[in-house]
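Student: According to TrEMBL, the domain 'CP-type G' annotation covers 39-212. What TrEMBL lists as GTP binding site is ASN86, LYS87, MET88, ASP89, ASN156, VAL157, GLY158, LYS159, SER160, SER161, GLY208.
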Amino acid sequence: MTTGGFLYQKIKNSVFQNANLTKMQNIFPIRNVQIDQMPAGLKRMKADLKKVDCIIEVHDARIPFSGRNPLFHENLGIKPHLLVLNKMDLADLTEKERILRHLRYQDAKNVVFTDCVKDENIREMVPLITELIQASNRYQRSEALDYCIMVIGVPNVGKSSLINSLRRCHLKKGKASRVGGEPGITRAVLSSIQVSERPPMFLFDTPGVLSPQIATVETGMKLALCGTILDHLVGEDIMADYLLYTLNKKQKFSYVERYDLEEPCDDIENVLKKIAIKLNKTHKVKAFTGVGDINMIVPNYTAAAYDFIRTFRKGDLGKVMLD
Ligand SMILES: Nc1nc2c(ncn2[C@@H]2O[C@H](COP(=O)(O)OP(=O)(O)OP(=O)(O)O)[C@@H](O)[C@H]2O)c(=O)[nH]1
């Protein structure tokens, strides 16, 4: 058996590697990215930079190396920086040390893995941020007694969830920032939200900003599987194909048992058919024959693909590292 991914390979071969967004737009027609100009959200963040002491960049732990927006580093990189790799509950972290080494080699020296649903590793953040700020030059904020932090990241990685989780852990208070399963929930840079009393610490939530250039189709697929791009803009069938390819490549075969397959399979059509039958996701179509029309019941491939992707995102196909 091969790993599959035939649909994905076809797309990959049809565009140039390292293509810019103009070339990629057929595949990743991302709505909120403006080519050749800084996205409005980022402009606003840059303007607010003088009000903050530290930047927390949140990213998905399943893609520690892919899809981080380089514009963040270019435009906001002068402040102390903490990289939070969130959704650690969904990521296979058996190679955590290698990941940390590689990140250190890039630009990220301060990294924390978190789970904002179960509040894991959240309590270590306030002391770490305090340390980073105290070791830095706060310029015009050197007299300020409170600490202000900007939370940035691509859409849907858990920026609002992190703020809510910090508030739960340190202030025993509930939600202050809206959370949602789809990208684009946070629309504006909010006013500051308190997350700790001692030291007084305030966080700014910001809208997710994707990179205006997605370097490769593979990076785009990973970002899409992590839910940072709306599914229908990429296509559930292509995403499902890339997911099957990844699961086979990583030898994560729990989909076989879950969907009553006999063995691992590299043919997405076959897998989606089995999923549709198992979940009763079928629809009626009219077939035209020479002697009259007949109604046929056929598998609903899109619904099956959607279920496959959703099951992966919930972690029900096991913990996976996409990078
Ligand atoms: N499994 C898991 N899910 C998480 C975690 N953190 C956040 N989520 C979920 O991820 C989704 C997105 O969370 P948000 O906090 O809205 O993400 P965001 O980055 O603020 O999103 P935008 O406002 O779109 O940029 C929600 O469904 C959260 O419940 C986590 O640690 N583990």
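Start at 1 and count along the chain as shown; that gives each residue its number.
Using the three backbone atoms N, Cα and C, a Cβ is placed for every residue, glycine included.
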Student: Using all protein chains in view, find how many other C-beta atoms are within 10 Å of the C-beta of ASN86 (GTP binding site).
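Tutor: Excluding its own Cβ, the number within 10 Å is 27.
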Student: Would you give the longest CA-CA distance, in whole angstrom, between residues of ASN86, LYS87, MET88, ASP89, ASN156, VAL157, GLY158, LYS159, SER160, SER161, GLY208, the set recorded as binding GTP?
Tutor: 21
Student: State which of the following binding-site residues has the fewest other Cβ atoms within 10 Å around its Cβ: GLY158, GLY208.
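Tutor: Across GLY158, GLY208, these binding-site residues, the one with fewest Cβ atoms within 10 Å is GLY208.
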Student: Could you pull the average pLDDT for the domain 'CP-type G' (39-212)?
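Tutor: It averages 87.
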Student: Using DSSP reduced to three states, classify SER160 (GTP binding site) as helix, strand or coil.
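Tutor: Its secondary structure by DSSP: helix.
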